[in-house]
Amino acid sequence: MASVSAPSQTAPAPTAPLQRGIVKMVLSGCAIIVRGQPRGGPPPERQINLSNIRAGAMARRAAQGQPDTKDTPDEPWAFQAREFLRKKLIGKEVCFTVEIRTALGREYGMVYLGKDTTGENIAESLVNEGLATVRREGIRGNNPEQARLCELEDQAKSSKKGMWSEGGGTHTIRDIKYTIENPRNFVDSLHQKPINAIIEHVRDGSVVRALLLPDYYLVTVMLSGVKCPTFKREADVETPEPFAAEAKFFTESRLLQRDVQIILESCPNQIILGTILHPNGNITELLLKEGFARCVDWSMAVYTQGAEKLRAAERSAKERKVRIWKDYVAPTANLDQKDRQFVAKVMQVVNADAMVVKLNSGEYKTIHLSSIRPPRNEGEEKNKDKDKRFRPLYDIPYMFEAREFLRKKLIGKKVNVTVDYIRAATGPGEGTPAFPERTCATVTIGGINIAEALVSKGLATVIRYRQDDDQRSSHYDELLAAEARAIKNGKGLHSKKEVPIHRVADISGETQKAKQFFPFLQRAGRSEAVVEYVFSGSRLKLYMPKETCLITFLLAGIECPRSSRNLPGGMQVAEPFSDEAMLFTKELVLQREVEVEVESMDKAGNFIGWLHIEGVNLSVALVENALSKVHFTAETHADRGKRSTAAATDPSLSTVCVLQIWANYEEKPVEEVVHVSEEKERVANYRPVYVTEIADTLHFYTQDVETGGQLESLMETMRAEIAAQPPVEGSYSARRGDYCIAKFADGEWYRARVEKVESPAKVHVFYIDYGNREVVSSTRLAAIPPAFSTRTLPAQATEYAFAFIQVPQDEDARADVVDCVVRDIQNSQCLLNVEYSGATCPHVTIQFGDTKDDVGLGLVKEGLVMVDVRKEKHLQKMVTEYLNSQESAKSARLNIWRYGDFRADDADEFGYSR
């Protein structure tokens, strides 16, 4: 914008008073906008044109909607004059006098940098640099200031400064690009690198017009991740939203015509999103912190400076209730601190977005994961198979995977719960069910956000909210980022592969189906199962993974108090302590992985047998806790029943004092017998063994060195006989549990046992003398000659586990341990000592044959494993030695301890348990 001198007919004003202000904007080389100090809102402002000089006119874009008009380019040296003033004046205090005021209200005067006229005269500085010309036709000879301007102009001419230099100044004219043909490609080509820019205009607090340097692109940039109140225009009337003017002034006073750097981050729908970096701070964070803006989810994802900083700034403004948040009420404002954050134990996972937890007070509470939606049926799938009973856990794609992910990670473990909001109860609507009040929270274990982990695996989706809906997760941005990764990697719900189908047969109460399954379950011995539901203390519903079926299971050998239930004749009243028994069973086994032994079946198709969890027989545990009686049938069961009977028939074993169902029991007097027992001491009786196989579980198999010669002799004789009379290929029919001979990869025959038969081409065998397993074709199997059976020489491979050692459950960490042990002791002679018995095999310490160093202790020292603390007194010396080595490994940050002690004080973490 060019300035013109005051018209000659306008009389000069009397001596003008000195006024002060702060330069808000430089319009051109001879015009500025000065503002006052803010008092309760944006301050007044006025335009001051410099008297007696003229600078080149700045470029101007053609009026929109008028095709006849054209863009006007810069006049030579116009931009340089503007820049000279901008760098000198923007944001600085100046004083000025208004000498002339035209009829149209335009004001001309002298401007000085500083608080009085002793400061730099801006007009003189421009003329001296050759960036403005003196309007000589209006100069009076008796005016020393005007004479000074003429003198300075002559000096600039003689020095060939600025516009007086040779060349005419065409090189000073900018090539301004007002439009960009493909904004998205333009933004992508910059690769989110900071670009130098000048903020030319502020539309509102979060939208600016910037001149990108050095190519002079004039672009509109919206701040990523935030939105300020705006000015709404209706019928040519502009109405500001609350705090819109204040937000605009906040941004103007800090950025307008300042040198900044801009990171252009994205361009959705032709809108350029970016972050403006200024040496004094990030305007995006400042707007949020001062309550001038709110976070917006749709652009938060592209913000490159850390979305958590924006959320923290917004949270600070909400807590202080400043400006747009003056009426803000937090979603958890009515909760005490102890109810907002607490530690609880997970007792049950409900589908894929909720869980039942037990508080320290003993109270049970249902917690929903904030801001996520579990898998669900969409569209036509809801109407399929109307006649079939709908089971969400198995019939909704990925619901079972999501539930299993949470169950395996959380059941029985302590978690940190941070309540984000309480979702109010809703009544039933058209096509929508009623929902009770929900407590929605962020649940973490070992520093890992469970909802984020679930979303990142594609097993849940993130709920989208209205912008003014504040009831959301405190880690909402992390959830959105996790969902974006899952979509990009095509995981779970976002996969293009066929959805997994779970055909689970529910044979609860189905007598005919139960009869078909019974022989298989009975022959299987101990089978793996998951407790899906607890009907009472001794009645459960189990999911059998291998058989993919649901069964009703009754505990053998005990008589538990019955819970209340509906009968044809009315409600059956619950027996005393039935609720306590059911609660005990729930806390011990609900949704846990257990082992069951099916022994019989009742007329209703319910299976009866024994249930074990971590070495504990549930029947015995109920009796020992005085929550059940021993049933007379316990004495007729197998040896397991006899053992439980011996442990449980005496009510005095239930508790030290008389409790629960034995409250009225009268104990018969017995003679006191004083037992004198000597404290057991650890026996170190190391014997030589040969380590033949290391399993992935870190169990290993050994042969006794003493009987090694017998095995070699037997193998030689057996192979000679087989060579003389080779078996007919394909004649052997493999059956599970049978002993046979199998041809190994080296072409030799070895004794083996059939573990599983998938098909004639896939038979799983276990080499009984060496401990390794293999899947072979039945053509490589043959019947074992009677002279070489296990009666002649028992199986030579004995399974053992390391004593005092807890193997990491993390796959990578466990693989490191196994590799280390394989390198150290496989196919070598060592010394072995049994320390204590285990659930499946003895636990031993093993020493190197030459150095006599403890192999397990070495693994602890290397930080490859953790110590399994045993309570037996005679083992405490060994346990202490192992624990000391573990502390040394922790201090040195070795292997699994490289990030410090990853275990919470009261909670197990992913992949590890104390």
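Even glycines carry a Cβ here, placed using N, Cα and C.
Listed in TrEMBL for this protein:
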| type | residues | note |
| --- | --- | --- |
| DOMAIN | 17-166 | domain 'TNase-like' |
| DOMAIN | 193-327 | domain 'TNase-like' |
| DOMAIN | 340-496 | domain 'TNase-like' |
| DOMAIN | 525-664 | domain 'TNase-like' |
| DOMAIN | 733-791 | domain 'Tudor' |
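In the domain 'TNase-like' (17-166), helix, strand and coil residues by DSSP number 41 helix, 44 strand, 65 coil. In the domain 'Tudor' (733-791), the DSSP tally of helix, strand and coil residues is 6 helix, 29 strand, 24 coil. Confidence annotation: the domain 'TNase-like' (193-327) carries a mean pLDDT of 90 in the model. The DSSP breakdown of the domain 'TNase-like' (193-327), given as helix, strand and coil counts, is 43 helix, 52 strand, 40 coil.
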